[in-house]
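Peer 1: Would you mind keeping the following structure in view while I ask a few things?
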């Protein structure tokens, strides 16, 4: 029985390898955005029964379980590191961001959550100057101001009630951007396998405590949701990582906007949530700002290496 499956796998891999790197990266990026959206919808669904802190623990636990075959296939030697403390600090920052984000997903319109999450690269651009000492560039700061203008379009402070969940998303985005800076530092010495593996381990460790404070036994239906959240989250992360390896990130970053489209469609179908025009306009402004920053930084890096 294994021979037909092996032959099918060989043919599919051959067909895959015949495609251009940009097409392969685009397909994987689309898969990643869909998986992220499905995970967010799943978190919202199970949050009616379980606290977001407990959901975050199981997302990390099952996510790590799905990554174990990848770790075994690449060898445990890939996990060697001389920066365990920085890995731990990154895990602490990540779990704080995840707890804030999952709480927002449970209480705030999903399209708005996704739109505001696009601010993470903008926060990262600010931190790159302050923490990594990257050059001050006028175009970067103009793009950052443009991105924050998009945030104000969505929130409309003074004209509409600013939901606590929206502020949690922004806090989460700021923390995610801090984690991005840590990844840049870790990538100078550690393998990508080590970075992913240690993140999974520390996320599990740091999420146990908050989960125990609100613990209640999940129902059989909730267990299915929790496993699915871990699976879809792992698919999203692995697909994104592989997509960025296949081709120039700036070639596929525009597809990240699909997250908002998938999420809006799923939220409208399952929860009856229809995003207002301000969410779409603000998301477009924020996303354009982040994309511009990414393209300019990529161009600057190429010129520096030329």
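Backbone N, Cα and C atoms are what each Cβ position is placed from, and that goes for glycine too.
Sharing the feature lines straight out of TrEMBL:
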TRANSMEM  21-43  transmembrane segment
DOMAIN    24-155  domain 'EamA'
TRANSMEM  55-76  transmembrane segment
TRANSMEM  88-107  transmembrane segment
TRANSMEM  113-133  transmembrane segment
TRANSMEM  140-159  transmembrane segment
DOMAIN    164-290  domain 'EamA'
TRANSMEM  165-183  transmembrane segment
TRANSMEM  195-216  transmembrane segment
TRANSMEM  222-240  transmembrane segment
TRANSMEM  252-271  transmembrane segment
TRANSMEM  277-294  transmembrane segment
Peer 1: Take the C-beta pairs under 8 A between the transmembrane segment (55-76) and each of 21-43, 140-159, 252-271. Which stretch has the highest count?
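Peer 2: Stretch with the highest Cβ contact count: 21-43.
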Peer 1: Could you count the residues of the domain 'EamA' (24-155) that DSSP puts in helix, in strand and in coil?
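Peer 2: Grouping H, G, I as helix and E, B as strand yields 111 helix, 0 strand, 21 coil.
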Peer 1: With helix taken as DSSP H, G or I, strand as E or B and everything else coil, how many residues of the domain 'EamA' (164-290) land in each class?
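Peer 2: For that range the per-state counts are 109 helix, 0 strand, 18 coil.
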Peer 1: Are the transmembrane segment (88-107) and the transmembrane segment (195-216) close enough that 3 or more Cβ pairs fall under 8 Å, when only pairs 6 or more apart in sequence count?
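Peer 2: The answer is yes, given that the two segments have at least 3 Cβ pairs within the 8 Å cut-off.
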Peer 1: Under 8 Å between C-beta atoms and at least six residues away from its ends: which parts of the chain pack against the transmembrane segment (252-271)?
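Peer 2: Sequence-distant neighbours of the transmembrane segment (252-271): 22, 25-26, 29-30, 33-34, 36-38, 40-41, 44-45, 109-111, 113-115, 118, 243-244, 280, 283, 287, 291, 294.
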Peer 1: Counting only residues 6+ away from its ends, which parts of the chain sit with a Cβ under 8 Å from the transmembrane segment (222-240)?
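Peer 2: Residues 28-29, 31-33, 35-36, 38-39, 42-43, 45-46, 49-50, 55, 58-63, 65-67, 70, 196 contact the transmembrane segment (222-240) from elsewhere in the chain.
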